[in-house]
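Listed features, source TrEMBL:
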type     : residues : note
TRANSMEM : 82-102   : transmembrane segment
TRANSMEM : 109-128  : transmembrane segment
TRANSMEM : 197-215  : transmembrane segment
TRANSMEM : 227-260  : transmembrane segment
TRANSMEM : 280-300  : transmembrane segment
TRANSMEM : 321-341  : transmembrane segment
TRANSMEM : 367-392  : transmembrane segment
TRANSMEM : 404-425  : transmembrane segment
TRANSMEM : 431-457  : transmembrane segment
TRANSMEM : 478-499  : transmembrane segment
TRANSMEM : 519-540  : transmembrane segment
Amino acid sequence: MTRIQTTDTVLGRTRDAKFVTTKRRVTTASSSSSSSSTGSKGFTRDDIVESFESSKASSALHNDDLSPVLKQNRTFSTFDTASLWVGLVVCVPAWQLVSSLMGIGNLSAFLALLLVFVANLFVVWPIVLQANAGVKYGIPFVVHARSSFGVKGANVAGLSRGFIASAWFGIQTVVGANCLRSLAVDFGVASGVSSPYLGGICYIIFWLLQAYVVWNDVESIKTIEKLAAPILLFLTLLLFIFTCVSSGGVVQSVLSAFATNGGGSNMSSNSIAGSFSWKTFFQAATASASFWATMICNVSDFSRFSKSRESFEKASFAMPLAMAVFAFASIVVTSSAAHILNTSSNLITDPMVVTSLLSTHFNWGKIASVLAAIGILTATLSTNIAANILAPANAIQNLAPSKLSFRTSAILSMILGTLCLPWKLTSDANSYIFVWLTGYGAFLAPILGIMLCDYFLIRNQYLVLEDLYSADKNSSYYFTNGVNYKAMLAFAVGVLANLPGFLHAVGLWPSSMLPQCLALAYDCAWFVGVLVGGCMHFALEKFLP
């Protein structure tokens, strides 16, 4: 019998309880000698690991935060997971996504909304697939990646995903800082402080607030998500109703909003059709999929706490529904505000700016500013901590589990997010869609393709759990010196497939030298990356020794 510690909180803090493992292994002894491991007899797709033998675990690959979450310690219900998705959806970047699509593709509001909903509905499929290993084995993303990339090679996948999340953390922190700066100006506490210094001070304050939450009470994240979802929906509804009523009524506001294109001009009878093209469709689908690319990769960091596979799958459909509702509100509020403020030729997509201008126009004063600040700060806090701190913290911790705690790793990832200069990544619609969203989506997509292919097609959903934590050269996932070079090659090929298009997007590859096929590939960068990475990995595993 082996005493182990298990994790039972949303971000992996250790529970002070002891569990005794049974003699039944999660996998058969014979399977541990094969790189294409299988599970124990009778271990079905709906089973959840109930025991874990820690005797093989290497201190270089295992600590309490990375340990499997056993069935008896799962805490996430369907409502908890659905609340998590709603909390992740309701944020300023999601608010701006539809308007950015309208701007870069001259799409009508109707088509932009439809494309966002369809793309996000499609995204549920890879989310559910990638979440399977987390639900079944209770393992986080960085541990799951060891089965395909190797126990050491997984650091490449983890750090790649973690770097993107850190950059997102910085972007969201800028959003929160801008909100605090608006409050400081409205309340007159920033008199005598120049704008750059004020922005920097607000950034530091919001950064420290998030650090405090992570350092002191990680379990409160689940509580924040539960409370944030209804608060955010209420404030969004409040802003929606007010702008609609102020601009002529709800029906009139909706009709007016969906009779505008990306530039804000009326399209009359052509408002529904807009200027649709398949190129724009794939650009919009890629941007929407890339928006969730980080969460798709590391969704097992959350699914490992779900009580059942069915519970997680049901809750995941809250994401496209919430995204559609939030995008709809974004379109109507932005359009109505433009009508009220007479700025139809230049739609304002930042909700804090919209609220600030409306409060001045209607003499709302401090009440409106405070309500807007509560909504945006709550949205940013709930999204940032759950989505953009957990993954990079786990990735950094995976480098030296015996030396780095989750807390220390989280702080390091937050520092990295600031070093990315996040205020420059979303300066305009083209930078946001083609450089940032599409670019990082193209980079992460091959990792997802490789992991899905490996888990479902190569290993048939069965893993040798103990070997994921073993540095033994004969273990299933040690490969060559701890690295699966086939997966590394597949990752490189998947990234290279989209590299010319990315270089063109940032101005380093002239249009005259970019073949049409490569330009088209970048328009579908996320999908191309998943397919190329997955297919290459499958071919290398099947046909190379």
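Glycine residues also receive a Cβ, built from the backbone N, Cα and C atoms like all the rest.
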Selected stretch (most C-beta pairs under 8 A with the transmembrane segment (519-540)) from 109-128, 227-260, 280-300, 478-499: 478-499
Stretch in 197-215, 321-341, 478-499 most in contact with the transmembrane segment (109-128), if contact is a CB pair under 8 A: 321-341
The transmembrane segment (227-260) in contact with the transmembrane segment (321-341), cutoff 8 A, at least 3 CB pairs, sep 6+: yes
Tertiary contacts of the transmembrane segment (321-341) (same chain, 6+ residues out, Cβ under 8 Å): 85-86, 89-90, 94-99, 109, 112-113, 116-117, 120, 236-237, 239-240, 243-244, 246-248, 253-254, 256-258, 260, 264, 347-349, 351, 354, 357-358, 361
For the transmembrane segment (280-300), sequence-distant contacts whose Cβ falls under 8 Å of one of its Cβ atoms, 6 or more beyond its ends: 88, 93-94, 97, 100-101, 104-107, 112, 115-116, 118-120, 122-123, 126-127, 130-131, 133-135, 139-141, 144, 157, 161, 164-165, 168, 319, 387-388, 390-391, 394, 433-434, 437-438, 440-442, 444-445, 447-448, 451, 520, 523-527
Recorded stretches the transmembrane segment (404-425) and the transmembrane segment (197-215) touching, at least 3 CB pairs under 8 Å: yes
